[in-house]
Amino acid sequence: MTNTRKSHPLIKIVNHSFIDLPTPSNISAWWNFGSLLGVCLGLQILTGLFLAMHYTADTTTAFSSVTHICRDVNYGWLIRYMHANGASMFFIFLYFHIGRGIYYGSYTFMDTWNIGVLLLFATMATAFMGYVLPWGQMSFWGATVITNLLSAIPYIGPTLVEWIWGGFSVDKATLIRFFAFHFILPFIITAMVMIHLLFLHETGSNNPSGMNSDSDKIPFHPYYTIKDILGILFMMITLMSLVMFTPDLLGDPDNYTPANPLNTPPHIKPEWYFLFAYAILRSIPNKLGGVLALVFSILILMLFPILHSSKQRSMSFRPLSQCLMWMLVANLLILTWIGGQPVEHPFTTIGQLASTTYFFTILILMPSTALMENKLLKW
């Protein structure tokens with residue numbers, strides 16, 4: 001008689017994905033972020049569901065309902081701050097996960113990679129709409145500024161913005177639809193994650209050497225399940241430390257002031273995880289140009305498989321490319337810092353230089369360095 005785990009139609013899928021999955025024996029801790037993102041997504045859906053039970057999507061009561069959650073609901077403060085800081089953890093892991101993919105050449109799995117980029121877009125959209133829901137000052141003005149960018153689209157722009165707003169400004173209709181989208185998108189993301197995994201399991205995981213590892217595979221369970229649990233433990237310690245000690249560390253104090261359309265905050269800025277893209281947007285004086293740069297700063301990830309010119313897949317044995325990779329990381333950190341600064345000298349100039357370097361590194365320096373490394377190795 002065959003094992004139920006291997007014969008049952010449903011359990012069989014889980015078995016092939018998480019138990020008997022042949023996995024390279026040499027994958028490092030950088031491969032932990034996939035499972036951590038899965039846990040984050042589950043945590044966000046769960047905490048979000050409980051928040052939705054007490055939240056009201058109405059301009060007059062939204063801010064009060066969030067206050068009510070924190071003050072009157074049993075452990076409401078915990079659920080709210082786990083959800084807010086859980087989003088920050090989600091993006092930290094997302095960026096690490098993408099960085100790992102770039103460093104080790106995982107983008108050569110084109111189907112998996114492209115679905116991953118779409119997942120990033122969906123997650124960014126979800127996070128943006130979630131930030132609007134508490135209806136504080138930064139929620140309202142963030143929504144106004146970002147949705148207004150769509151008016152830069154030629155011909156249909158202004159009509160499109162009013163259509164998204166559901167009126168002539170960000171108001172009740174906007175809040176209600178943002179809540180609806182914020183609720184449904186995580187489930188769409190979950191479906192996309194399943195497709196992401198489906199494509200990944202067609203090819204098998206990459207590994208630090210970037211070489212084929214078919215001759216050296218081990219079962220996922222127990223080796224990598226225990227490794228993932230360790231990662232989850234570290235994640236929960238970090239998240240709970242944030243929630244318990246400094247829950248507002250990554251938030252904006254302006255969001256503790258109820259939304260007021262008549263009073264603009266001195267510095268409108270998004271959450272920290274969007275600051276790099278916001279800096280790129282602001283570094284171009286033209287509205288449409290800024291919007292295109294913003295979109296392309298993320299969309300450029302889809303070009304990585306096309307721009308890959310090295311004979312080696314991974315950067316493990318390519319010191320020059322490694323230098324460029326870390327230069328790119330430093331560049332993104334500079335952009336993140338600039339995104340949070342006011343629009344004045346010298347920040348504008350630094351932002352423009354960092355934005356130019358970002359695109360120049362990815363589009364020109366990295367492919368040409370890879371070609372040079374091929375030459376040096378006489379390949």
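Cβ atoms here come from the backbone N, Cα and C positions, even for glycine.
Pulled from Swiss-Prot:
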type: TRANSMEM; residues: 33-53; note: transmembrane segment
type: TRANSMEM; residues: 77-98; note: transmembrane segment
type: BINDING; residues: H83, H182; note: heme b b562 binding site
type: BINDING; residues: H97, H196; note: heme b b566 binding site
type: TRANSMEM; residues: 113-133; note: transmembrane segment
type: TRANSMEM; residues: 178-198; note: transmembrane segment
type: BINDING; residues: H201; note: ubiquinone binding site
type: TRANSMEM; residues: 226-246; note: transmembrane segment
type: TRANSMEM; residues: 288-308; note: transmembrane segment
type: TRANSMEM; residues: 320-340; note: transmembrane segment
type: TRANSMEM; residues: 347-367; note: transmembrane segment
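On the structure: features taken from Swiss-Prot.
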{"residue": "H83", "record": "heme b b562 binding site", "DSSP class": "helix"}
{"residue": "H97", "record": "heme b b566 binding site", "DSSP class": "helix"}
{"residue": "H182", "record": "heme b b562 binding site", "DSSP class": "helix"}
{"residue": "H196", "record": "heme b b566 binding site", "DSSP class": "helix"}
{"residue": "H201", "record": "ubiquinone binding site", "DSSP class": "helix"}
Integer Cα-Cα distance in angstrom, the residue listed as 'ubiquinone binding site' to H182 (heme b b562 binding site): 29
Six or more residues beyond either end and a Cβ under 8 Å away: which residues meet both conditions relative to the transmembrane segment (320-340)? 99, 102-103, 269-270, 272, 274-280, 282, 310, 347, 350-351, 354-355, 357-358, 361-362, 365-366, 369-370, 372-373
Proximal but sequence-remote residues of the same chain as H196 (heme b b566 binding site) (Cβ under 8 Å, at least 6 apart): T112, I115, G116, L119
Between the transmembrane segment (178-198) and the transmembrane segment (226-246), are there at least three Cβ pairs closer than 8 Å, leaving out pairs fewer than 6 positions apart? no
Which one, from the binding-site residues H83, H97, H182, H201, has the smallest tally of other C-beta atoms lying within 10 Å of its C-beta? H201
Outside the transmembrane segment (226-246), six or more residues from its ends: residues with CB under 8 Å to it: 29, 32-33, 35-36, 39-40, 78, 81-82, 85-86, 88-89, 93
Would you mind listing the long-range same-chain contacts of the transmembrane segment (77-98), meaning Cβ under 8 Å and 6+ residues beyond its ends? 30, 33-34, 36-37, 40-41, 43-44, 47-48, 50-51, 66, 69-71, 116, 120, 123, 127, 130, 235, 238-239, 242-243, 247, 250-251, 271-273, 301
